[in-house]
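Asker: Structure in structure tokens, see below.
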Amino acid sequence: MEVEPIASDSVPTTKPEEVSAEPDVAVEAVAEDDSPKEQTPVKPAKEDEYAYLDSTGFTSEKFKIEVRNLPKYYGIAELKKLLNSELSLSTNKIKIMRPGCPFLFVCFRDEDSRQAAIKTLNGYIWKNKKLQAFEAKPAPDPLVKRRNEAAGTDGVVTVKKRKTLEESVTALAYLSYEDQLVQKQSEMRNVLIKLGKEIWKTCPALRPYVEEQRKLHDGLPCKLERIRKSPQTDGYRNKCEFSIGKDDQGEIRVGFRVGSYSNGFLDVESPQNLKNVSDKMKDTVKFYEEFVRNSKLDIYSPETYQGHFRQLTVRTSSSTGDVMVVIGIHPQSLTEEELAQFKDSIVEHFTSDKGKEIGISSIYLEKIGKRESGQTVNPVEHLHGETHIVDVIHGLKFRISPLAFFQINTPSAEVLYQCAIDLADATQQTSVLDICCGTGTIGLCFAKHCKQVLGVELIPQAIEDAKYNAELNKIDNCKLYAGNADDLITSLIRNANIQAGENLVAIVDPPRAGLHVRSITQLRNARGLNRLIYVSCSPNSAVKNWVDLMRPCSKAMRGTPFVLKKAIPVDLFPHTPHVELVLLFEREPDKEAETEAEAVESEAKQEAETKPVTEEVKDTAEVQE
């Protein structure tokens, strides 16, 4: 999945009062007799770190509890299910400090909900642990806290940027591209060393295998191939999300944040010097910056939650040169008439001669406000031009909607997908499962190499795009489903209807956090699935998934394990530390068949043991009738 290697863009979780970065300095009065007296500066009072609690806006920090004595192992999903479904508590926010932490904070919308939660949770037994729950103090405003820590005796804030925008966004740009590849190859080697250590520690039964592989592959648990280069190294990003704010001189900028709320400054700097942003995208940013500066509306402040201009998303097509802009605003209290006037002004600006020269073909408005319960994305409205832009990978056309996922480096995505195709070694007797398929890019590229593709994706809009893309390219051997992969993998395999002599391959391209353990279990239990390609945009985060695929069968992890055979790094993000890693997992067909036979035999034995009991119950029922 896509990595967004941009500077931090944190926003506050609470609503503080507006504060001054340089408060006035109090000075003692001079005596009326004009005799010389030393003017002694009085140390300025610190800003109130809890002023936001008295603001007019709502903050759930007022109604927070602390829950202690939590079990060592629990997931956020099962915790939410416990609190909201099983115990019917109206939580507003759950704050986990770190994985495995024995305490956490839960926020509510009012005092009654908080007290009800304390009464329910205090003493409640969960996973053999007796929970403790009590009121918690609200957190201080992180921005004000950092200012107070950084302010000198004269009241001047001494917080300094640790890095420039170029250093934050394109940390490797100072190196030649060949040196960048050497560094990334070394980093992927370290990831595999970490994987080997994790397998050794958590799977003692695999230690002989790991040692054998280390001897064959220079200390690694599998073969690591040479990193694949990006065909384009500069200006390759086809999507960027730009923030709107002010730079350190107070000038309005459309660009990336170089600070964050928690470290005390919110400066936004222009992307004009970034190597990974294209000239077309830079021109679009500069053009929109002119509009924002001339507008009567204010820029949005993450400190006060006031203002309108929040974000600009720009998508470009490497094949057509078309540009899509998504204008992100907070509507605040704009009337329908004012909002309509704003939309008209946006369209007028971007359809001017300059907009046409840039290539702007599609204009959307995104309303970025407080999300309602269950809302996962912000609403977008098409204002003008085309509803989509189209890009090309492996000779196939792909329609891209405003919120759809699409690899941000199109030429390098071709390299990535070819690696997956080569590793899959598919034939016309192969069915391919495309897990987390997005708009169907990987699966559709596979279609001509296999019998059929079955894809699943959580976002319905992405599946609509995937189906359209299949029709656009006249591909009729793809079946695409909207839903949670954790629940649908087994159904996909059943729908694949694998016959004798056919085989099954899975392509997994999950978000940064990786797959849920339920998906891992279903893949391990998939009969006939002997080859799995795992595409990771965050290899360090995916190590646990890989270990779970490989660990021996147990009560906690059922199904025949896979074995890691090969890893290929692919550079989709030149000038940044990020890199994709493609891994090939296999399991021996004989062992898989043996496990299947054992399962069938076990089921038959269980059925035989229960049949007499069942018949006896049936006979008893007949007698009673």
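Backbone N, Cα and C define each Cβ position, glycine as well.
All TrEMBL annotations are machine predictions without curation.
Sequence annotations record features per position, and here TrEMBL assigns region 'Disordered' to 1-23, 592-625. Annotation comment: TrEMBL describes Gln407, Glu457, Asp509 as S-adenosyl-L-methionine binding site. Summarising the annotation, TrEMBL assigns active site to Cys537. Look at TrEMBL and you will find Cys537 tagged as active site, nucleophile. TrEMBL lists 602-625 with the feature compositional bias 'Basic and acidic residues'.
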Asker: Relative to the Cβ position of Cys537 (active site), how many further Cβ atoms are located within 10 Å?
Answerer: 21
Asker: How many angstrom lie between the most widely spaced Cα atoms of the S-adenosyl-L-methionine binders Gln407, Glu457, Asp509?
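Answerer: Across Gln407, Glu457, Asp509, the widest Cα separation comes out at 16 Å.
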Asker: Spatially, which candidate from the binding-site residues Gln407, Glu457, Asp509 is nearest to Cys537 (active site), comparing Cα atoms?
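Answerer: Result for Cys537 (active site): the nearest of the binding-site residues is Asp509.
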Asker: So how many other Cβ atoms are close to Asp509 (S-adenosyl-L-methionine binding site), meaning within 10 Å of its Cβ?
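Answerer: That number is 25.
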Asker: If you count Cβ atoms within 10 Å of the Cβ of Gln407 (S-adenosyl-L-methionine binding site), leaving out that atom itself, what do you get?
Answerer: 25
